Amino acid sequence: MTFTFTALLCLGLTLRLWIPVLTGSLPKPILRVQPDSVVSMGTKVTFVCEETIGVKESHLYRNGNLQRTVLKNHQKPTNKTEFSFSNVDQQMQQYQCSYRTQTKSSDYSEPLELVVTGAYSKPSLSAQTNPVVTSGGYVTLKCEPSQDNHTLILTVEGSQKHSWRKDPECNRYTEKCHALFYVGPLTSNQRWIFRCYSYEKHTPQVWSAPSEPVELLVSGKLQKTTIKAEPGSVIRSGRAMTIWCQGDLDAEIYFLHKEGSHNTQSTQTLQQPGNKAKFLIPSVTQRHAGQYRCYCYSSAGWSEPSDTLELVVTGIYYYGVKLSGLPSPVVPEGGNVTLHCTSHSNYDKFILTKEDQKFTSSLDAEYIPSTGQHQALFVMGPMTPNYSGTFRCYGYYKHTPQLWSVPSELLKIFISGPSRKPSLLSHQGHILEPGMSLTLQCYSDTKYDKFALYKEGGTDIIESFSQWTKAGLSMTNFTLSVMPNSTVHSGENVTLMCWSTYSVDTFILSKEGSGQPPLRLKSKIQDQQYQSEFSMSGVTSKLSGTYRCYGSHDSSLYLKALIGVSVAFLLFLFILIFILLRRRHQEKFRKDDEDAQKGKELQLSTGAAEPVTRDRGHQKRSNPAAATQEESLYASVEDMETKDGVELDTWKPPEGDPQGETYAQVEPSRLRRAGAISPVVSREQLNTKYEQAEEGQEVDSQATESEEPQDVTYAQLCSRTLRQGTAAPPLSQAGEAPEEPSVYAALATARPGAVPKNKKQ
């Protein structure tokens, strides 16, 4: 009976599947795609056409055209057919499938759009508000395309896919476009990861590359996570630190979020469920400063946010801060102490921290005009042993409360209690020579672990572990060495230490007045400062003197500056040399032109066969001394003619010639020096020889004397000065130069007025 019922049931189910075929109505197939309907270019995709059993062949269409046909195997009937493509392109793609039985064909499936991404550059996506929302809240996301005239689409990852499309709005002034998507409500039972794409309107299946993902953190109701920083929340710039988040045992992923940021700071996905995640920052910078919270997500949903971790970065400002204890860093129990924090920088606030970071206090800075410093006074008391410890002071500005200055020097506060006081003695006496080493011994019959040595009025306290003696005493020795004393005995060793609270790469130690090159050492960071130690062993008198220490940054920067200065100096030197050479060249050409002009004038004067005239103009002499000079000149020329037997052949200019120069050739004779010429010729004789001279003009003459006797001498009477020179002799008609040069004296007349014959000299 049971077997019969089972057989009838199977027969009924089989007939049910074949009823549509027999009646002529084939069911419409369903088309799906794997891995997703949105894939990047070059991705392998597989289309799955779900159909009925007994299909003879299946067909896949792309954009209405038959793409592929698959013949079915009747021996292994299935209700699915797969079509695989190894490399999809960026063409517009819309797919459908259908199937055919022995007698009929089915209808087409519903269209399936395959979207290909990566055709354009990616847009940018950001959250306009805090990406951390409560369950049921809304968030505004801003998408900016990288291409103009593109439509924007916002998608969310996950099993329930949603998308939003918008045309961007453009600012005509900035020419930037964007679209705002208001998404929600957001629930705490899933992750919300958004991406943005852009596409052209005529190709809606071809998208750009996806934007960077933006994940919204939903504050849930699961157990709150915890957060802590190692080595601490106050850390110096450039050092490494680790932030730990701890939550539920089933947590799959942890999120670290910085308050005020529009994106998730960091994400840590666990390989296996656990309750702790590690976020490492290799080198802390000022951008890491701020407030942080942790979240975790599991299959049950989101956790509550952790408490706030405030990360402070120190060493951002290099202006030093000084900390001191008033009246003394050693305070009796129950007493008060004032910690004085000062700086020359105009910080808005000072903050005092304890080494274990269990104590922090901040005060507004106060300006002191008398010292030109800013200060803050931290009053502590009544003092208890809990207040003892090491303190530091920092300065910062109000607009950046998580960015602090370099720290002050450590200040240790001691609380003197009711225990028995120790004893202090010196075996070397109380009077010492300068530079000697001093050993102070501190001891007590109480079993103390440490002793501290303090100088009255000072700020430095030296600590040392105690030793136990057989007599039951605890004791220790404090040795005050030569360092930092500047008095050293010959043969001893000394160490000079250069240090700075500012960043220094290399320290340079130089001795004043020494010709030796300075010493250089790379700096080392110790006790929150940069320092280098220059050791000298077996010092002698040659090493005595005054030393100075300098700090420098990377030498390559100074090398570049030195090269730049050298190049500029050489360029300036080349330009200066060029200007000097050019000026010298111009002066040489100017001198050559002047010499050529003078030679041309000399050739014209010596080679003229006819009188050569020059327009000197009429010059009148009203000075009696000038008239006397004229008489001497006339007398000198006449004396040359009468005493030395020199014959003058004169050429007078034509009557119409406006120029009054006359050239006279002197027959071969010896020309006497000017001192041998006797001015005894009367004005009447000169006036008789030059009857055509006009009144009111002066006559100047210049005699030229050659060291060697000359055969031919020219004399020109000039109206100004007596010139002397040697002219190049004119060429003969045959082109040959005369055998000897000629010496001439230009005696040019300026047509003086007639001298009365009856005038006495």
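Cβ from N, Cα, C; glycine included.
Reviewing Cys245, Cys296, Cys341, the cysteine that Swiss-Prot connects to Cys294 via a disulfide bond turns out to be Cys245. Residue-level annotations in Swiss-Prot identify, among Asn336, Asn485, Asn336 as N-linked glycosylation site. Comparing Asn386, Asn493 with the features listed in Swiss-Prot, the residue bearing the annotation N-linked glycosylation site is Asn493. Residue ranges 376-381, 448-453, 742-747 are listed, and Swiss-Prot annotates 742-747 among them as motif 'ITIM motif 3'. Between Cys49 and the candidates Cys10, Cys97, Swiss-Prot annotates a single disulfide bond, the one to Cys97.
As stated in Swiss-Prot, the feature motif 'ITIM motif 2' covers range 712-717 out of the listed 178-183, 214-219, 478-483, 712-717. Of the given residue ranges 194-199, 578-583, 632-637, Swiss-Prot assigns the label motif 'ITIM motif 1' to 632-637.
The two recorded residues Asn336 (N-linked glycosylation site) and Asn477 (N-linked glycosylation site) have their Cα atoms spaced 30 Å from each other. Looking at Asn79 (N-linked glycosylation site) and Asn149 (N-linked glycosylation site), their Cα atoms lie 45 Å from each other. Asn477 (N-linked glycosylation site) is 21 Å away from Asn493 (N-linked glycosylation site) when you measure Cα to Cα. For the motif 'ITIM motif 2' (712-717), the predicted model reports an average pLDDT of 48. Taken through DSSP, the domain 'Ig-like C2-type 1' (25-116) splits into 0 helix, 45 strand, 47 coil. The Cβ neighbour count for Asn493 (N-linked glycosylation site), using a 10 Å radius over every protein chain in view, is 13. Separating the Cα atoms of Asn149 (N-linked glycosylation site) and Asn477 (N-linked glycosylation site) is a whole-number distance of 84 Å.
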